[in-house]
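Data first, discussion second: the structure below is written as structure tokens.
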């Protein structure tokens, strides 16, 4: 019969123990049981019986106390242990299939439960996104007026529903008959000073109301609902436990808070928090399937698919969502997770499309309807826009982290609601006078990436077009006075949004960063595009522009394309995304012809940003919060070894001189319940190595603190005869002493195959082991004897120390 991997490990361990007996018979003799029965039996059948536990481990897992194998809050999971448990569970199911039809049905249910789970997550994510989009759109328009005949309609829907529509332009001076601005409601004439002042006051009051409601909901019901959530999602997907961060209350308050914060007119977006909302759905539905609900490593496969669904509903980009999950947030992404992520993103996009929240038969609010070609010379301004996006990303990350650090260290952090009110008031006060800051950021992006058509009478489309040219709106023309005015207003909007977003991202309300970054980039791109357009038009006869301009001075430059490229560049500079960013922008706008310009801008943005600092905004916030996150993209190039990092540390190796307390260990067959409980009270370690004896220090296994606490507490309640002086055994053979207290058998909770390294292992190898295997800790040995331990927190502190950073900034393990 073929041995299982765990059986193979047992065989290796038996070989090790045999060699150990030959090399150190004296230590083996000291570790005999109290009744004289040795640990290392000469009877091979008895040894196989003791060690061949892999075949029936699933039966014993059901007998363990509840909570065994789980993790405490703010701790890291053991990926290897959880994946091994799932594989043993799967073998158990396969074995049970031979026992009857019912077991075959249970096996089939286990096989397709993953697909059912991601199906439910996709449906839930799409439904939540549709509701949030509709609610935020209605609340945003409520700041400027109301539809009297159907108050639940936003401005666009209200004007569509009525028979009398004065103009397609949505300016206050050209309201449709059904839409009443607040100045009109108060009896003031349209376009007058009184109407402007009334509208200004109502704009500020509604913004303050929405802002304080969002802050109060987060403060009172779900503190984890603030921010974008992507830094924490990245940390959770790397194996960190944050209880309640993906709970039902967080889902509810995050959804309501997103609508309120976007409606308040703040420089933030709801697209980033969609990832958090979708992951909340994934976490909730995973508990319907024990395969995922009881295994933290398996649950993260569902969360990776949910993150893809979040981006899918945010931008209408299912393929981009899968790539975003793979490139940016996921830590463990096997092939089956790729398929399920695609399926989940597809279902979410389909549900959102069925709801049709924007009422325009599109998944997104801004899709382009032009396909004018671009030329090789335009790569120069595209690359320039990419460089500006990288500079903006570095500027934003640096000053936002400075402000967030100041908030944490000062008294300002004790008054989050007042901070929100202050930011809302300043934003509303300064946004209203400028029409490009007053409008919603998504509407601003849609305006900037679009081209000027025959029906557009806005100032940004005020060109001196010749009526002699067929389809004059296809060709570039000299700018009129309106375009110059629009450029100045856009420049002021750019400065305002760059500054106010620094103070907005990080306040205690749901706040995303995708749309504000894209708005800043689209303003930069539109300004550059208008500049390039006028340069070409005024030099139409130049040889350099011969392939751009045709005869009679007909030139084709599309400023909306530059705005699209600028949006990609700014978002890439802040998040440092590349492949997923280009795919998201392609799906977002439908601009198949413009993939190369977006790729050039995205890569330039990343190169410039990485040259000034390699951290993305999410990585910077992870470091600011002290989360234990090991980035795959960073390289460890130092020459330290495991002995330099392990605990306890030695001043002089081999001399026994230490600068740390001795390593806390548990012996396999000589410690009482009282001694073990005393060890648990006096230490804060997450786990303890189990050794043969304190003298020999040969490693037997590793036991988690939580499992040990639960097992002892359960034994005192349920097992008769277990008292304080009962001996705890981690061995397969337990001696029977009729005159003594009942022994406590805890071999089932012992990890008998912990990952070990030698003290001379290079730290480069150790770091790669923690990254690639998802280790929680590794034990350090020397000549087979236990020497120390290295945890993930130790590795992160060591990396921080080598970067001349404060190692105490790593707050969690």
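Any Cβ shown, glycine's included, is placed from N, Cα and C.
Nobody curates TrEMBL annotations by hand; they come from automatic prediction.
Listed in TrEMBL for this protein:
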- 112-132: transmembrane segment (TRANSMEM)
- 193-218: transmembrane segment (TRANSMEM)
- 251-268: transmembrane segment (TRANSMEM)
- 274-290: transmembrane segment (TRANSMEM)
- 302-326: transmembrane segment (TRANSMEM)
- 379-403: transmembrane segment (TRANSMEM)
- 415-432: transmembrane segment (TRANSMEM)
- 486-507: transmembrane segment (TRANSMEM)
- 513-532: transmembrane segment (TRANSMEM)
- 553-571: transmembrane segment (TRANSMEM)
- 577-596: transmembrane segment (TRANSMEM)
- 659-718: domain 'CBS' (DOMAIN)
- 750-808: domain 'CBS' (DOMAIN)
Whether the transmembrane segment (486-507) meets the transmembrane segment (553-571): three or more C-beta pairs under 8 angstroms: no
Interface-richest range of 251-268, 513-532, 577-596 toward the transmembrane segment (553-571), CB pairs under 8 Å: 513-532
Ranked first among 274-290, 302-326, 379-403, 415-432, 513-532 for CB pairs under 8 angstroms with the transmembrane segment (577-596): 302-326
Remote residues contacting the transmembrane segment (251-268) - C-beta distance under 8 A, at least 6 residues beyond either end: 128, 131-132, 135-136, 139-140, 142-143, 203, 206-208, 210-211, 213-214, 217-218, 221-222, 225-226, 229, 276-277, 280-281, 284, 423-424, 427-428, 431, 438, 440-441, 497, 500-501, 504-505, 509-513, 515-516, 519
Structural state census, the domain 'CBS' (750-808) (DSSP three-state): 24 helix, 18 strand, 17 coil
Residues of the domain 'CBS' (659-718) by DSSP state, where helix covers H, G and I: 24 helix, 15 strand, 21 coil
Cβ-based contact of the transmembrane segment (379-403) with the transmembrane segment (193-218), 3 or more pairs under 8 Å: no
Leading stretch by Cβ pairs under 8 Å, where the reference is the transmembrane segment (415-432) and the options are 193-218, 274-290, 302-326, 513-532: 193-218
Long-range neighbours of the transmembrane segment (274-290), counting only residues six or more past its ends (CB under 8 A): 113-114, 116-118, 120-121, 124-125, 128-129, 132, 228-230, 232-233, 236, 246-248, 250-251, 254-255, 258, 299, 302-303, 305-307, 309-311, 313-314, 329, 348, 512
Sequence-remote partners of the transmembrane segment (193-218) [C-beta within less than 8 Å, at least six residues beyond its ends]: 139, 142-144, 172, 181-184, 186, 225-226, 253, 256-257, 260-261, 263-266, 416-417, 420-421, 423-425, 427-429, 432, 438, 507-510
Mean of the pLDDT scores, which run from 0 to 100, over the domain 'CBS' (750-808): 90
